[in-house]
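K.L.:
The domain 'Calcium uniporter protein C-terminal' annotation in TrEMBL covers 61-263. The transmembrane segment annotation in TrEMBL covers 178-197, 209-227.
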Amino acid sequence: WRGQEGAPYSTLMPSDEVTINYRHGLPVITLLLPTRSERCQFTVKPVVTTVGAFLQDVQREDKGIERAEVFATDGTKVSDATLMEVLLMNDFKLVINNTAYSVSPPVKDKLSSEHATEMEDIKSLVHRLFVALHLEDHQIRKERELLQKLDYLKGELLPLEQMKARIMDSADAKTSRLLWVGLALMSTQGGALAWLTWWVYSWDIMEPVTYFITYGSAMAFYAYFVLTKQDYIYPQAKDRQFLHYFYRKSKKQRFNVERYNKLKDDLAEAEESLRRLRQPLHLRLPVQEISDKD
């Protein structure tokens, strides 16, 4: 038999010289070491082990091996970067020094149900062990990340909160002044109507005037509804005027309302994540460590 480069090999050994069996879901390759003349087993992890790594393990086990290669059945050399999982899907030839071994891996679909069950049990056990050993460490790291994020968000919000407080004070003062001005105007109007009714004119003359004043007020309230799509309710009107002053002042002082709201949302989300994380964390960590962290 000749390899890819046409070099003849002195011996072509039968397939039973190199055997492959599955134990606990992992392939175990058994072969005869030429120098030591003893059979040796190599357990490989097919999804992570490459052909090159497997051949290096074989050469480390027997220092007398000068050449170890793998060829496909058509004589094509298999790359060292090929995963063992791919190699074990088909028959291949293992060449050690000048001896070629014909290898026929068992079909994976024909593995016994016992092996499959053992593999699932091992996966489940590994998963449980991982959770038991690393879950608390993961939670602690996640908690530290959230605390760092909270510190960053609070630092970003501090100057915005101070600016917002000044703007809100200014808007609230202007809104209060507007309410007092409205009260003063209404009081002046009532006093003027009373003076005109009892001291200047009679009620017969002032009655149409008061009627049109009342009708004009009704038109003004209706116009407010048309423009704002809201009834003229004093608390809502006050809040609307407050927001008007607030946004006008914010624009003048370059207060970014959208960025402020985004930071507030991120802060609330981080605090909620931290609260949910600490609930199972307190059930697992020692009391002393919890006290130190708080």
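Backbone N, Cα and C define each Cβ position, glycine as well.
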K.L.:
Restricting to the same chain and to residues at least six past its boundaries, which positions have a Cβ under 8 Å from a Cβ of the transmembrane segment (209-227)?
P.N.:
189, 193, 196, 237
K.L.:
Which bits of the chain, at least 6 residues beyond where the transmembrane segment (178-197) starts or stops, bring a Cβ under 8 A of a Cβ in it?
P.N.:
203, 206, 209-210, 213, 238, 241
K.L.:
Taking the domain 'Calcium uniporter protein C-terminal' (61-263) alone, what is its mean pLDDT?
P.N.:
81
